[in-house]
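Sharing the feature lines straight out of TrEMBL:
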type	residues	note
DOMAIN	19-467	domain 'Major facilitator superfamily (MFS) profile'
TRANSMEM	20-41	transmembrane segment
TRANSMEM	85-104	transmembrane segment
TRANSMEM	110-133	transmembrane segment
TRANSMEM	145-166	transmembrane segment
TRANSMEM	172-194	transmembrane segment
TRANSMEM	230-252	transmembrane segment
TRANSMEM	273-294	transmembrane segment
TRANSMEM	306-329	transmembrane segment
TRANSMEM	336-354	transmembrane segment
TRANSMEM	366-389	transmembrane segment
TRANSMEM	410-429	transmembrane segment
TRANSMEM	441-464	transmembrane segment
């Protein structure tokens, strides 16, 4: 461990369990919020009078600001202190949740959701950076990241269950109001438990900050826009070109400045690059799984929102169990071995799920594949995260955490955009009604299983060899 890393550890690991509790509950708020909204959208539409296009922006504006501000927020943690940024993120997320819960018009809600996305963009990399600097690389960090992956994977499906309960029995507003007391309690606890991490000195990379924020925002917008008008639409291609230009400027800038927003040395490790690519593909598959499985249960099988939420329980429980088993499995099979096994399970589960049609039994066609998907989901995210922050200097932990979260967020957005295109193309099949819808969803889920297979190839040919080489070098 470097002197800088040691300094950071002394500053914040006096109460490592308390630190872990604060950051994981902070992250759980984000994860639950995203999935609770999914099941609440129909009620939000009816309550506030959204149009179909306007309703899509309840999610789109959040995704746009979350993805756009990730790199800027991550580097700000390195420069300004991670405790400070975590508190800023908690305040923004908590107050914007209150504003959403009180919303009386569509515009009010959409503006508040955009601000909430900024809060999430600050919180997500702060959480991972604090875990990485609190727990040294090795078994302690693997265990902490197993809890992190349990929150990320299990929290998403748990949010669908809670969202179904709120939508059916209470109100969509409850999911946002509950963030307020939780957020205030986290702020009070964090102020007492966390000490500030060391800050880097130097000039702020203004050009990098502007170009990365606008470039990432334009890229997210292009992907989201493509789901409405198609990938080949002039407007989609135009925004995509602007995004590429801004991100190219960002990369050139990062090569020249002394304090870059995103140190390009992070990409010198084949293991970390593989982790970013693998996470991109993995999240593309998983976000699409939640999206299309919800549609299948409600629109094909005729489940209510509450029934659909409960329908994810066969995945939720194995996700928690698998995530908690990662430290034990890692000691026996290594980080790369656990990752490959988990992705293989996930690929089989998603392929099995893609075979379900309108005549499928829930138990054999949905629940059993979800068991495999839950095991794969719960045991994959931890190893991917470990690889993504492997051998990163303390000064770069914020930037590395930002890249992990960029891959996480962009993977979900890009993957869903691609698989919605698969879904739309499958409408050309000579089918009608529920039979056609079932076929379209099956094609999209099959596309998700292909993404997981590609992630497995990345793990086999990039992450595992690099991880093994690093282990041999240390032995």
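Quick reminder: no glycine exception, Cβ is built from N, Cα and C everywhere.
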Does the transmembrane segment (20-41) make contact with the transmembrane segment (172-194) through 3 or more Cβ pairs under 8 Å, each pair 6 or more apart in sequence?
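Output yes: the transmembrane segment (20-41) sits against the transmembrane segment (172-194).
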Is the transmembrane segment (336-354) packed against any residues at least 6 beyond its ends, judged by a Cβ distance under 8 Å, and which are they?
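Hits for the transmembrane segment (336-354): 278, 282, 285, 289, 293, 322, 326, 329-330, 365-366, 368-373, 375-380, 382-384, 387, 442-443, 445-446, 448-449, 452-453, 455-456, 459-460, 463-464, 467-468.
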Would you mind giving the whole-number mean pLDDT across the domain 'Major facilitator superfamily (MFS) profile' (19-467)?
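It averages 86.
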Please identify the stretch among 85-104, 230-252, 366-389 with the greatest number of Cβ pairs below 8 Å relative to the transmembrane segment (410-429).
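Maximum Cβ contact count belongs to 230-252.
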With contact taken as 3 or more Cβ pairs under 8 angstroms (pairs 6 or more apart in sequence), are the transmembrane segment (85-104) and the transmembrane segment (230-252) in contact?
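Between the transmembrane segment (85-104) and the transmembrane segment (230-252), contact is absent.
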Which listed range (230-252, 273-294, 366-389) shows the maximal number of Cβ pairs under 8 Å with respect to the transmembrane segment (110-133)?
366-389
